[in-house]
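Trainee: Structure provided below as structure tokens; questions to follow.
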Amino acid sequence: MPRHVHPPSFSLPQKKEDTSSVDQYTTLRPATLSAMSRLDIEQQLRDLEKRGGELSAFDVVKISFLRREYYDCVQQASVVIAATAAVLALLLLILSVFPAKVAKLYAKNITAARVTFFSSLTPFLTSLFAVSWVILVSANGVFSLMKHAALLHEEHRKVDPSIGSPKELALVELLRSAPFLTFAIETMGIIFEWTAYALCRTDVEVPLMGALLVFFPSLYQSLTLDSTEPDRLPLWITHSVLFTTLFVLFCLSRTFVMVNYKLIKEEYNKHLTNSLYKDRKEMKELKSRPDVMQRRSAAVKKRS
């Protein structure tokens with residue numbers, strides 16, 4: 001009996017689907033919100049904030065600028081700063097010693113101003129303090145110009161990496177830069193403050209305004225620095241300018257407050273006396289005797 005032979009079965013080859021693009025799409029595609037837990041969302045938000053912080057911090061270039069090449073870029077402006085500081089320091093020291101009339105006026109105004117700490121110093125020591133203040137401001141100005149040149153060089157290298165050593169900057173460009181203008185404002189403040197304090201017998205408000213011209217730029221410079229600065233010497237010099245200015249401001253402000261407090265107290269006592277005794281018979285009798293009134297007002301001033 002013949003065996004039943006099954007006919008061979010033929011099947012068409014099935015076309016394989018190209019799932020590479022789908023797999024690639026699914027791998028790059030983020031998971032849906034329904035499948036993500038709260039912790040996953042918070043982690044992604046933290047990663048996003050971290051990436052944003054890194055990008056914003058990258059804008060401030062932290063580089064070491066205490067190099068000869070950066071000083072050569074700002075050498076002309078540095079010579080201008082050094083010459084200004086030298087002339088100002090010599091004038092401060094010379095005027096405190098001679099000529100004799102100016103030295104006497106110097107000592108007289110310092111004593112009459114009664115500024116805290118400075119009234120107990122001699123004119124030469126007072127000028128020496130001012131000279132040290134000028135030297136700190138000048139050194140801070142030179143370091144700020146070197147940092148300015150370093151930052152410009154780094155910005156140019158981002159645009160064109162083939163740039164090698166930095167080029168010397170023009171003097172006009174440096175004189176219009178922010179570091180040099182800051183130095184000019186601080187130097188003008190010192191000159192204005194010391195002239196009004198030592199050479200011109202003015203109220204304490206005038207030298208106080210000059211000290212404020214030094215305080216605000218130095219405060220701004222100190223606030224822009226942090227502990228990640230690669231160079232420590234410019235950092236400490238900038239802070240030293242701020243601390244010196246704060247000390248001068250404290251001495252002048254204390255004198256200003258005490259002087260105005262005494263004036264207010266005298267006015268208060270005068271108005272209080274008039275309001276209490278203006279309608280009394282004794283007051284009318286005292287007014288008829290001016291000699292007694294003068295002695296009484298002198299006693300009130302002495303007590304105040």
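Cβ coordinates come from backbone N, Cα and C, glycine included.
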Trainee: Do you know which of 45-64, 285-304 TrEMBL annotates as region 'Disordered'?
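Mentor: My reading of TrEMBL: the region 'Disordered' range is 285-304.
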Trainee: Honestly, do the transmembrane segment (77-100) and the transmembrane segment (235-257) touch, with at least three Cβ pairs under 8 Å and pairs 6 or more apart in sequence?
Mentor: no
Trainee: Can you work out which residues elsewhere in the same chain, 6+ from the ends of the transmembrane segment (206-223), have a Cβ less than 8 Å from its Cβ atoms?
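Mentor: Same-chain contacts beyond the flanks: 137, 140, 144, 182, 185-186, 188-194, 196-197, 200, 238-239, 241-242, 245-246, 248-249, 252-253, 256.
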